[in-house]
Amino acid sequence: MAEHPPLLDTAQILSSDISLLSAPIVSADGTQQVILVQVNPGEAFTIRREDGQFQCITGPAQVPMMSPNGSVPPIYVPPGYAPQVIEDNGVRRVVVVPQSPEFHPGGHTVIHRSPHPPLPGFIPVPTMMPPPPRHMYSPVTGAGDMATQYMPQYQSSQVYADVDAHSTHGRSNFRDERSSKTYERLQKKLKDRQGTQKDKMSSPPPSPQKCPSPISEHNGLIKGQNASGGNTGSARNRSGRGRSCTQVDPEMEEKDEETKAFEAFLSNIVKPVASDIQARTVLLTWSPPSSFINGEVNETAVPELFNYEVLVSSTGKEGKYRSVYIGEETSVTLNDLKPATDYHAKVQAESNSIKGIPSEAESFTTLSCEPDPPNAPRIANRTKNSLTLQWKAPSDNGSKIQSFILEWDEGKGNGEFCQCYMGSQKQFKITKLSPAMGCKFRLSAKNDYGVSDFSEEVLYYTSGCAPSVPASPVLTKAGVTWLSLQWTKPSGTPSDEGISYILEMEEETSGYGFKPKYDGEDLAYTVKNLRRSTKYKFKVIAYNSEGKSNPSEVVEFSTCPDKPGVPVKPSVKGKIHSHGFKITWDPPKDNGGAPINKYVVEMAEGSNGNKWDMIYSGTTREHLCDRLTPGCYYRLRVYCISDGGQSAVSESLLVQTPAVPPGPCLPPRLQGRPKAKEIQLRWGPPQVDGGSPISCYAVEMTPADKDEPRDVYQGSEVECTVGSLLPGKTYSFRLRAANRIGFGPFSEKYDITTAPGPPDQCRPPQVTCRSATCAQVNWEIPLSNGTDVTEYRLEWGGVEGSMQMCYCGPGLSCELKGLSPATTYYCRVQAMSVVGAGPFSEVVACVTPPSVPAIVTCLQEISDDDIEYPHYSPSTCLAISWKEPYDHGSEILAYSIDLGDKQPLTVGKMTSYIIDSLQPDTTYRIRIQALNSLGAGPFSHTIKLKTKPLPPDPPRLECVAFNHQNLKLKWGEGTPKTLSTDAVQYHLQMEDRNGRFVSLYRGPCHTYKVQRLSESTSYKFCIQACNEAGEGPLSQEYVFTTPKSLPAALKAPKIEKINDHICEITWEYLQPMKGDPVIYNLQVMVGKDSEFKQIYKGPDTSFRYSSLQLNCEYRFRVCAIRQCQDPTGHQDLVGPYSTTVFFISQRTEPPASSNKDSVDSARTRRTLSDEQCAAVILVVFAFFSILIAFIIQYFVIK
């Protein structure tokens, strides 16, 4: 409410949303001072004059006030604020600032707030203080005495990036060093006075009130004595730190610390800055959330991009906010705002579906502008000579509407308008008009910012006389029970004049005259519920507010007739003939109000036929149906046609014509070529079946030299074979068909001549066996049937049903050679002529005499796996098998095996034999022949077989490497790289707990590692060698014993410094190993020594080393020793040493530097952690696994 002080930044004051009071003290002489109260534009200051009346002074203005005692009087401020006296270049100013730790530099804005109440330090405050003045404009109503309360608007240049250069009245503000220090002291006092800590950067300062007071709103602006207090209360409720109105959100308590920290980071966002404020647009900019919270750096991971949501409210800071923007940009231009309206904007940050608390609200007010376009004026009253128009005021957009401008076209209708009224009234009466005169009007509003756009154009008419006689109604469409009528306006009637019409109707037979059927403003009407085919008279009367017109001329229209009813089902008149019949029918019972014009008869063929053909159309009610097919079904129906339309079809009549015998068939035809004794005939059905299906055919044959016909076929088939004919004879055939009525006429005759016949069947041939492999066949000449025999065919075979032709020629005998002894053969003979081949003779069987056996086949070696002979040795034996040959009629008695140089072997009747007593690794040529009582058969094919060498002896087995779990065995003199294709294979076996030897390894390698054994345990092994000759003998039993296991490697020892010369080394404890005690050996290497020295050996797990030297480097390591008690005596098993630990002795510093000593001590105790040791072991294990896999791949598989 006063001038912005130079000490406190204007942007800081404005961001707190309070009204300011700055009272510059003009004279500081200590007696009487004049205090100037600066009232900012848009604000008001209430004082009480000497006469006791209250006066409201609106800004911009300076109000001089006198201080009688020379001191600065107390300034009344609302709750949550405090007055501060600041001296600037000899001028003291009273500044109202908020009591909040949140009073910090922020965004820039312009605030128009409600004025403060009167200052009690200057004027007495009565009991009944009038309420402070309301806001000086309202964009909603736009009416009233707004001119006296108009508030000048700020321009967009009021928002600056440099706060020090901001001044409301254009005066430059300055800040010297003294004022800066004063400002810092003021900020510190405000924070100390507040006494509370803020939860988040976005939370407003706490309020001394328990609950926020109700906030009223007018035109989107907050009013009340302390709008900031309401905002504070709401923010405290959100953060859960209010006193009596506190609400705790249970979901916030369940969130983890990381989510809470990230929400706090997102909530640390500064309120947006409003710039470039126009009447309907504003530019909002903001910055991403800051990583500094309460002066500390937030270690929460900051994402690269944020999503921002801009919330805007026009109903006050505590009003309802709506989202106007969601995106990743840090600036947005808001459009479609209301002019001269207070808005409050917040921004809310979001990332990974986590939202922060919205920022503080940035308040701004849009600029005023010209009014909105008003609505078109409405007609309030009209007469024949005047029109009275009314209208409503539009939104004034922040400036009171000064006048309205009403224009009209003077009734000319040429589109040119002139002003007929300008003033502040909201109605106007235009006089001196003509009756039924049409005028166009438009309206605009004007304020201090200009003239609005014109409203829509409207056309209004003055009142006129009663309507003239309208034209007669016209029939547009007629139906059976309705008539659609249409009429026009009377001539010369204005288009906007409200005219109603009365439609009257008269029915000829009613006798009641005309009756109204319609009364309204429409120009068309459909009269319903009329009778069909009836005439009606109509007339129309027009009327308005001035009276009724004369009725129009009477017109007459008729409704349409209805379609007739369904005719009666047609019936047959007289007898039904095979080719026609007569039908008749009766007219429908209802003709639809019009005479029947014609009847239509339709007919469909078949009992279920749907293809209807029209066969009659006329006025008579009977019809002769002719040219029909006998024995066929016909369906007939009838319908009638009148002026009202076509009726539905009647029920169908089903009629069947009587059947007749079928018509003549076409002569039968020869199918294929005629044969000597039979012919094949085929025919088709007759063209006319007589109305009944063909059930039978009859074929009649007559020889050419005889006149005695006879039936050769009767049946339903369309083909037949006529046999028992003579070759070269002529025969006549004719055909007839029959149905259920009877046979039809014969067809024409068809002559066919048979072909010449082949020779007759020969008599059975005679077979004479000359030897076991040769036979003679003889036959006789058969009857030739009129043609000479040209050749004979002899078929011969060992199976009766599968004989092959072995001779073809004119001879009467044939000699067959190459026959099998003691075999049954079959033969037959056939004679042929130029006509064809005669039938074969009967089959004759003969048997050839016996002979020596046939050749032996399938001679082969028997596999070793298939031999079950216990004394078989592949080195001295050969096993052969063969297939038994044909014995040729004499039983096989024995077989002779030829081995080449050796004497042939004679064996009994068998098909396999093992030849023994052979030389190892020797090749033999073997063949075999069969023997019977008639002699020896031919030798079989020769095969070459070779005996295998003798199996090898077992190698010597020895143990080349061992530990407590593994034994590496070696045998033979093989090279390390042994191929899997080596001839010699080795089979290693080990004795199990049950005393049985189990297989460990079978392959060509000469070494094998036995794993997962028990320590200090004896195991028995044996081995045998194998090659293609077989498995060699087992070796003797070898006994190998595993040693005891060594202790495991210890972790790196821990070193703790006792003083400058003593340190304590500790290490982990190992459990006794299977009853054997464990002791420890501690070694140290001092300085640049190259060897470790033992400093302790015993069962303890710690040792104090007291020979430390200052600034000297020590290396410690420790190992475990297992003390074994064997029957042979005492034995120590030393385990691997632990990781070496480095230690540097340094002088102990005073206690003040205890932190540094702890750091140095920590540095001297750098050892590998358990995780690092596990990682190293895992890497080593992986390396050795890969190496072993490579060795197996290279030496074993390849």
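Using N, Cα and C of the backbone, Cβ positions are placed for all residues, glycine too.
For the residues K346, K384, K535, the entry in Swiss-Prot flags N6-acetyllysine at a single position: K384. Just one residue in S114, S207 has phosphoserine written against it in Swiss-Prot, and it is S207. When S203, S692 are compared with the annotations in Swiss-Prot, the one labelled phosphoserine turns out to be S203. For the domain 'Fibronectin type-III 4' (566-660), DSSP puts the residue distribution at 0 helix, 43 strand, 52 coil. For K384 (N6-acetyllysine), the number of other Cβ atoms no farther than 10 Å from its own Cβ, over all displayed protein chains, is 14.
Between the domain 'Fibronectin type-III 6' (761-851) and the domain 'Fibronectin type-III 1' (268-369), the number of CB pairs under 8 angstroms, six or more residues apart, is fewer than three, so the stretches are not in contact.
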